[in-house]
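Peer 1: Just dropping this structure here.
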Amino acid sequence: MIIIQCTDSSRRRYIAEEIEKYGKGNFSSQIFTFQELSVATQNFNPESLIGEGGFGRVYKGHIETKDIDVAVKKLDRNGFQGNREFLVEVLILSLLHHPNLVKLVGYCAEGEQRVLVYEYMHNGSLEDRLLNIGPNEKPLDWNTRMKIAEGAARGLEYLHETAKPPVIYRDFKASNILLDESFNPKLSDFGLAKLGPIGGRTHVSTRVLGTYGYCAPEYTATGKLSTKSDIYSYGVVFFEIITGRRVVDTSRPSEEQNLITWAQPLFKDKKKFHFIADPLLEGNYPEKALYQALAVAAMCLQEEATTRPLSSDVVTALEYLSTGKSPEESQEEEEDDDHKEEEEEMGSSPDNTTVESTENNSTQDDSSDSDKS
Ligand SMILES: Nc1ncnc2c1ncn2[C@@H]1O[C@H](COP(=O)(O)OP(=O)(O)OP(=O)(O)O)[C@@H](O)[C@H]1O
Ligand SMILES: [Mg+2]
């Protein structure tokens, strides 16, 4: 555990040294001055405000030197009482890189100020696009929903099964899944999420309320955390994606306030499944896919943590749901495509143009793959 007990200037140096040490030269984030970030956000102009969470406000900004849009999270000193969460956030996002984790562009640790600078995600959070949707906004269609669920599962798979040591995300919820301009999902909030309900802080009650319904029963009861508690939270979010309902919604009639208890009786009767689907989908989904999606969500929501699937199992299931094909079928199709390509190449003259165009194709395939993942 990292404990920081020092004065302002030495603390600043300490943070930079710790980050560099852990980053082992792999560190891509930039250190910004507070002045640079004030310029980027026009003095943290309220008009640039794009969101507010338990830790502070998020502003849209522009970094001239890099010519990129960014989201600048200025940590609120009243709710934020230590450096640890700030450090963990910076370290995790500096060490772990995946297309389904948000990118940290840089940070500022000047005086009392703690500011995080992220890549700007054009479509905000899944909560914005799914649960806070305005009357004139187009609802997410079924395929986009499945693509978001698949990408979010890939992010979890990376944290649980690729990262060493594995990382338990702890705060998997709709507001922490950000969406880029093509609705590719990226997980955000790592170090900060870990504060959760621990430590008797003043802002805890709101955070617990906000995150309450997403917590696995064994975590709520005993505080016991595992990758399987993330899977439970994934199941909750997947249910929200299918139903368009918040896990806890006090504005609904009392029997409908908790999504999971509301859905349970409907879930026992196949004929009632269509009541579960988000009415904004207007029935535009393959019926079989709805059954399968509900089955995956239910598996993730099992009371007994050990019987929940692994994140890689969820990815496999979601791959199938988002393409409508089993992994074997996808592989066979890929092989067929390869054969076709080979045959075409054999038929055409093996000059430079052919080689070049094949290379271009393979580059495009790569990029669309990474988009999908
Ligand atoms: N990188 C980003 N690009 C675009 N919008 C963002 C970005 N990061 C955050 N936001 C917006 O800011 C909002 C607030 O984010 P923040 O992480 O501070 O709080 P939260 O996730 O809503 O709540 P909590 O503090 O409980 O985690 C998000 O819901 C999203 O709309
Ligand atoms: Mg968040």
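Each position is counted from 1, following the chain as shown.
Yeah, the Cβs are placed from backbone N, Cα and C, and that goes for glycine too.
Pulled the feature table from TrEMBL, pasting it below:
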- 44-321: domain 'Protein kinase' (DOMAIN)
- Lys74: ATP binding site (BINDING)
- Asp171: active site, proton acceptor (ACT_SITE)
- Asn176, Asp189: Mg(2+) binding site (BINDING)
- 321-373: region 'Disordered' (REGION)
- 329-346: compositional bias 'Acidic residues' (COMPBIAS)
- 352-365: compositional bias 'Low complexity' (COMPBIAS)
Peer 1: Tell me the Cβ neighbour count for the residue listed as 'ATP binding site', meaning other Cβ atoms within 10 Å of its Cβ, over all protein chains shown.
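Peer 2: Within a 10 Å radius of the Cβ of the residue listed as 'ATP binding site' lie 21 other Cβ atoms.
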Peer 1: Within 10 Å of the Cβ of Asp189 (Mg(2+) binding site), how many other Cβ atoms are there?
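Peer 2: Total other Cβ atoms inside 10 Å, all chains included: 26.
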Peer 1: I'd like to know which of the binding-site residues listed (Lys74, Asn176, Asp189) lie near ligand 1, counting only a CB under 6 Å away.
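Peer 2: The qualifying binding-site residues are Asn176, Asp189.
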Peer 1: Between C-alpha atoms, which of these recorded positions comes nearest to Lys74 (ATP binding site): Asp171, Asn176, Asp189?
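Peer 2: Ranked by Cα distance from Lys74 (ATP binding site), first place goes to Asp189.
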Peer 1: Express the distance between the Cα positions of Asp189 (Mg(2+) binding site) and the residue listed as 'active site, proton acceptor' as a whole number of Å.
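Peer 2: On Cα coordinates alone, these residues lie 8 Å apart.
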Peer 1: Reduce the DSSP letter at Lys74 (ATP binding site) to three states and note it down.
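Peer 2: Its secondary structure by DSSP: strand.
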Peer 1: To which of the recorded positions Asp171, Asn176 does the lowest count of other Cβ atoms within 10 Å belong?
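Peer 2: Lowest Cβ count within 10 Å among the recorded positions (Asp171, Asn176) is Asp171.
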Peer 1: What mean pLDDT does the predicted model reach across the domain 'Protein kinase' (44-321)?
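Peer 2: Mean pLDDT across the domain 'Protein kinase' (44-321) comes out at 88.
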